[in-house]
Amino acid sequence: MNPSSWISKIRSCLNLFEQDIEIENLEKKWLYVATIMVGFFVIVMGIGALVLNVNPPSHWETIDSASLHLSSEFAEDKLGVQPMALPDGTIQVQLVAARYGFYPREIVVPADQKIQFRMATLDVLHGAHIPMTNMSTMIVPGHVSEVTTVFPKPGEYPLLCNEYCGMGHDHMWSKVTVLSQDEWAALKTGGKQP
Amino acid sequence: MKGILLAAICCLFNEAVMAEPSSLVAWTPDTLNRLKKGNAEHGKELSGTCAGCHNETNANPQLDGQLPTYIYKQLVDYKNGNRKDPTTAMNGLASTLSDQDMTDVSAWYGQQAPIQGKGGGNDTTGIVFKGDGKRMEPSCSSCHGYSGQGEKVDTPRLAGQKADYLEKTLLAYKSGVRGNDIYSRMRLIASKLSDQEIKQLADYYSKLD
Ligand SMILES: [Cu+2]
């Protein structure tokens, strides 16, 4: 299509608006309701972000994805739930996303305790999402994604990739088992009471 | 003071027990560019030594048409001891090759017409295209390609490879004897296959053309 025909297209559109279009009263009311709702949510989001400081996880840390397995943090034997909790009791979990799975493929973590996921990709863009929880983030090549969350409910959850990453994307999931605090304590002490 | 000393000792210890990575090869832009510029003519000269062992007649894997990145990675892994050839032939040989030699010979083999199976392959396991969700087993084709042709960067071509070799190397992944796959990607997959399935899969891929 050449530019002049584009211009005439746009003109005819503008003409349409200039005409007095009949709008039903009921339709008008709903237009107001919808506009007010949009405005309301924008304000809520604004307050959330600016006053309450509720923001999507944004963590700016770079890493060389190609040599991830040679890095000290994401070395093959350093992945998974870290044996030592952070000073504030947060449990740290290092995960690698690679076509087509999260490594290690299965992890066990406690409920009702802060879990900090640190994730990086070996190849392309992946997503990490645990349904029914608020754990969800993108894993961008060259960056470390960090998300901290608390799982309130024990159970078995899938950890899914939600960014299309290739032929095997559908198969890209791993297993997260959330234990109650009691079960977790029992696991740590080999079944004995602490 | 004591605390600091203890921490230092812990650190040292930590470093010492850190296991070897499965492979020292990293697909940095630098490595990939170097591989693209491999000198196939020089590679051809070098391949004279290889042909005695890598040919159609014996049980050793064929290299014709394999991904140069994959060949290069295996050679480096043999050289560093990350992959151990049970006959030790490859480890000895690779240690005599320079990085340039490995790049060049990979380029040469990558340019050859790919090996072909005789056709009639039939996947009796159902894992090639569908995988197995219950075992968290992705389909082989998602990584190795729809017709087993391999995928960049380092997922090898399987189509037409000798069945005995495929079976042997899958069993080696399964038992952990072969452990040069980064992040255990193939070891985890092979460890969930039965020996029977491994036989079936090896047969299937060897017949692909
Ligand atoms: Cu993915």
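Keep in mind that glycine also has a Cβ here, set from the backbone N, Cα and C atoms.
Curation plays no part in TrEMBL annotations; they are all automatic predictions.
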Given TrEMBL lists B:Cys140, B:Cys143, B:His144 for heme c 2, the same-site residue among B:Met90, B:Met186: B:Met186
Of B:Cys50, B:Cys53, B:His54, B:Met90, B:Cys143, chain A-adjacent binding-site residues (C-beta under 8 angstroms): B:Cys143
Longest CA-CA distance among B:Cys50, B:Cys53, B:His54, B:Met90, per record bound to heme c 1, angstrom: 11
Cβ-based neighbourhood (8 Å from the centroid) of the heme c 2 site, residues B:Cys140, B:Cys143, B:His144, B:Met186 excluded: B:Pro138, B:Ser141, B:Ser142, B:Thr155, B:Leu158, B:Ile189
For the domain 'Cytochrome c' (B:120-209), the number of residues DSSP places in helix, strand and coil: 48 helix, 4 strand, 38 coil
Greatest inter-residue Cα distance in Å for the heme c 2-binding set B:Cys140, B:Cys143, B:His144, B:Met186: 11
Other C-beta atoms that fall within 10 angstroms of the C-beta of B:Cys50 (heme c 1 binding site): 17
Per DSSP, three-state class assigned to B:Cys50 (heme c 1 binding site): helix
